[in-house]
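According to TrEMBL, the feature thiamine diphosphate binding site maps to 78, 119, 120, 121, 179, 288, 370. What TrEMBL records for 150, 179 is Mg(2+) binding site. For 319-484, the entry in TrEMBL reads domain 'Transketolase-like pyrimidine-binding'.
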Ligand SMILES: Cc1ncc(C[n+]2csc(CCOP(=O)(O)OP(=O)(O)O)c2C)c(N)n1
Ligand SMILES: CC(=O)[C@@H](O)[C@H](O)COP(=O)(O)O
Ligand SMILES: [Mg+2]
């Protein structure tokens, strides 16, 4: 007979069942929930530390609030594995982030308990305020709770929302989950401010705080609350920035102590007007020794051994693009003291932790603040510095107006290094770097590059460093390169010039970025069908190599562009150039042209290679496309099943 390690949790399939427990049982439930979270992530890998830090908060929120009628909005959504376990998804929790499995973030389509989808940070207060106002307009009476981390609280959006909420005075509860951690230790004055609040210097006495909150509560609750010992012990309040913005501030309270959390949450639930901010102090990685001790508190982990915490390390075949970027930037910065680098709270993810070891005074972690990062870079460029604004492609989306208004229109030579371009695997569509080629390619004067391998990345870093004429960007994928030999320092490429890797006569494949390997593979395969194929690497999505394009168009029956980017990106640039140069007209238009891009759909999380296959961007799909255009339908069908 096997005895379950989680007997109480085994009885709880929904929050409704959780709410039938006695308060005294919740400690045990939280302990089991933590065990289950650790065990599940040991099998799947994923975001561990953040979820472990909110186990008690998750239990308390579902206990006190009537979810899903009451809405809980989790910022980022990377801390919601315990929430998923409690909200009817425990049976699928070991499919997290796998193809066909649960998302690693909140997703409205996945569960009615996921009130708002996320992945990017600092959206929860805005979304929560929208829901609270919608409730008010409709005459409803449900509660809305936004849970936001201390680092996510550093982004501009959070302040825009606080500003609006303080003025609208709608009933909204914001839980500030302060674990004094981002992915790395947090940076910035806000983080220091929160630390001062937690250290307690600026507080009124506890009893005064309790009186103050009580005066905002309906009389009957006040009378009850006055008798509760925890009530007066749990609150410290007064004079905070949040109060100045129109919030009722409660805290800081111990987010692992259910005896503190429950009465506080009940009290703020029953407060009948205005926005409230509850400042909860937690520990990222709580309850799992290896996470508590690790520098990043096990923010994101590979599969691991539960007993030791030792993570499974996949065999590395080649350096990652990220590490090659860091190497290339160091090589450039050693020759040019004007080079500086900026990250928005992602030093390890972008390789700027490596750069920062060599050049600590030339590395700036601006916290989660992509909009600011871009305009900060613009300011540096105005003064003659050469900023490498190093962001994940998906997070640069947040700074798009700044790219246009503060950089591009002023033609400032800001260098954009866009990591995690294309599909990113387990993080899924919120993190895909799908749109950069489209949203940068349309900007006048912007140079946009994509390396086909990590050696090319080194050349593009050197090219960007040398390019003072205006804005320039390069996008490169998550994960390992191809293992090509790397130079000590990259070469400066001629702007707007591509290269031909293989000469053929019938089909021309013009690839941008890392689809080149599959393009070359497709060309080999096409030989088996008697189709002679040219393969070229455009290197630049903008400006496009028009001479190369003309020669491909004039000398082949079929021209196919390939990219790991959305519709409107590189293929659109190729099409525009073909059209502008009259290559689609009359006799010259005898060739057939197709762009192979990501489909007009969001691709769910999975292994990268499977996502590429689903997007019809692998070598098989390229072969099939070429054969189809040559009129060989049978060959095309065969190619897809080969
Ligand atoms: C706009 C945006 N920028 C960067 C990220 C990457 N990111 C994910 S979680 C995280 C740290 C969040 O810290 P915090 O809000 O304090 O939550 P914790 O992980 O500490 O619970 C960062 C920087 C993101 N998701 N969204
Ligand atoms: C939650 C979040 O946004 C990050 O933790 C992200 O998942 C990191 O992705 P990488 O693993 O590609 O660095
Ligand atoms: Mg944090």
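Along the chain as shown, the residues are counted starting at 1.
Placement of Cβ uses the backbone N, Cα and C atoms for every residue, glycine included.
Note that this is a predicted model, so its numbers are computed, not measured.
With a cut-off of 8 Å between CB atoms and residues at least 6 apart in sequence, the same chain places 50, 53, 149, 150, 281, 282, 283, 284, 297 near residue 179 (thiamine diphosphate binding site), listed in sequence order. Site extent for thiamine diphosphate: the farthest pair of Cα atoms among 78, 119, 120, 121, 179, 288, 370 sits 32 Å apart. Neighbour density for residue 119 (thiamine diphosphate binding site): within 10 A of its CB lie 20 other CB atoms from the protein chains shown. Shown in sequence order, 155, 344, 391, 395, 396, 398, 399 are the residues of the chain, 6+ apart in sequence, with a C-beta less than 8 angstroms from the C-beta of residue 370 (thiamine diphosphate binding site). Closeness to ligand 3 is met by 150, 179, these being the binding-site residues among 150, 179, 288 whose Cβ falls under 6 Å from the molecule. Residues within less than 8 Å, Cβ to Cβ, of residue 78 (thiamine diphosphate binding site) and separated from it by at least 6 positions along the same chain comprise 47, 50, 51, 104, 105, 300. Under 6 Å, Cβ to nearest atom of ligand 2: this is the test, and of the binding-site residues 78, 120, 121, 150, 179, 288 it is passed by 78.
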